[in-house]
Amino acid sequence: MRTAMSCGGGLAQRLDFSSSDEEDGMSPGLEEGSHSNQRGSPVNSWRANNCPFPITPQRNERGLSPSQEELSPCSDYSPVPSDKGVGGECPGTPLHYSTWKKLKLCDTPYTPKSLLYKTLPSPGSRVQCRGQRLLRFVAGTGAELDDPALVNVNPFTPESYRQANFHPNGKRKERPEDDCSAEPQMKYAEKEHPAVFQSKRFVLRETNMVSRYKTEFLEIEKIGAGEFGSVFKCVKRLDGCFYAIKRSKKPLAGSTDEQLALREVYAHAVLGHHPHVVRYYSAWAEDDHMIIQNEYCNGGSLQDLIMENKKEGRFVPEQELKEILLQVSMGLKYIHSSGLVHMDIKPSNIFICRKQTEVGQDESDGEDDLSSASVLYKIGDLGHVTSILNPQVEEGDSRFLANEILQEDYRQLPKADIFALGLTITLAAGAGPLPCNEDSWHHIRKGNLPHIPQPLTPAFLALLKLLVHPDPVMRPPAVSLAKNSLLRRCVGKAAQLQKQLNVEKFKTAMLERELKAAKLAHGSGKDECSDLPPMSDFSCRGRKRLVGAKNARSLSFTCGGY
């Protein structure tokens, strides 16, 4: 496509609009228009002084409009309107800007370079990207990230919490946003989400190429291993605190263990923080492996304590057994009150935290404040947790399994945790290993405890037998165990005696202070009397008569010789 521009009736310049030569043709033109000083050619002089190539909106790097760029101080071009109109312009008059735009002398047809400039963001954009591919990727996935169907819903969330955050008809609440148009505000308003109350299958996928585990944590040692995975003692690089990081042994994406891993995360998130439940901090996926960041318990597990006592030939004393039973019962009380059951209570899932108390630190103010004790027992490993109202039971260790669970009778699910707790305390008392099956297994399910080598009080032994009663209805709930007077008698006894001692010391100090003040007052009175001159008999008699309130008025008439 070729055209010509007439100047004074002659051919001034031939313009070539071929797509292949456009970029090469424009660059020399720019160089020629800005650096050429040829005076022999009137065309070159006109191009250099009056007709610079305008910058298109796609190539405008400074955010200026085409009109601002053309009228900038750097350019000598100033279009002068002609009285003759567009068609009657003088041969030497430069083209008007509107006429120049109609000719479309720049970026038409588009070349690969000009199309590339069109994909770049405008200079006024607030978000700066590192590259064009990242920008296009983010823009393409933004709608997918806003889709609520891709968000997991915790199946253990209480119904009251759901009703408080969602309309009864299942619609999301509208949350107005500032500085936004009305259309984004109604993004989720009045929009049905039928699957928002249903638990969806979450696929474990890693979104970042950099390992968060290696970046944020320094692995110290391996402290445990189980069927699900391994547990490592790690220190976080940011805060310098120790954490227990649990990592699955094998990839879980698409496997049957995937729901078990998610169930533990769901339970930890719903339960929150309790002094007798291992604290949960975070969870994420790396290379299809589930990683859970939990509280680090420096005392190990109850199973470790049992094995250590067995090697040394020692037993956990009865007072300590009662404290373990009480604290674990309080943890189960909290779990059961949340509508959940643990379903895998055993010594290896009860962890010990030993607090470093300073010398002279005040003891507990009461027996109910168990969180201030020097040793805390906490329930962990929530991989088998299920809901009481909607049970999806995954059987735990068969050695601690109640008979009704084996018969698939889920009407008294919390009592299964009580049965397992009774056997756990029995093992801590020194009983031998529990059977996995056969007649000895059924013998225990009939309400018989294994042999305990150390002597226990009849009351405590009867309580342990009640925990493993064959009828789940007869087993005491966790609420009753937490208030049991047999367990409460030993807990906080030292603190109670210390409190009474402090009260008696305070009373003694107050009495000593009053006695000292009385002695000082008595001594000062004697000194004042010794300094005074001797009194007459009349004054002494008068002072004596004033002592009695009833006698003062009657005896006053006898004084003075009246």
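Each residue, glycine too, has its Cβ placed from N, Cα and C.
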ATP binding, same site as Ile223, Gly224, Ala225, Gly226, Glu227, Phe228, Gly229, Ser230, Val231 - Swiss-Prot member from Lys246, Lys250: Lys246
Range annotated as coiled coil - as stated in Swiss-Prot, picked from 413-439, 494-520: 494-520
Packing count at Asn349 (Mg(2+) binding site) (other Cβ atoms within 10 Å of its Cβ): 25
Of the recorded positions listed as Asp344, Asn349, Asp381, the one whose CA lies nearest the CA of Gly229 (ATP binding site): Asp381
Residues Ile223, Gly224, Ala225, Gly226, Glu227, Phe228, Gly229, Ser230, Val231, Lys246 binding ATP per the record - widest CA separation, whole Å: 14
From binding-site residues Ile223, Val231, Asp381, the one whose Cα lies nearest Asp344 (active site, proton acceptor): Asp381
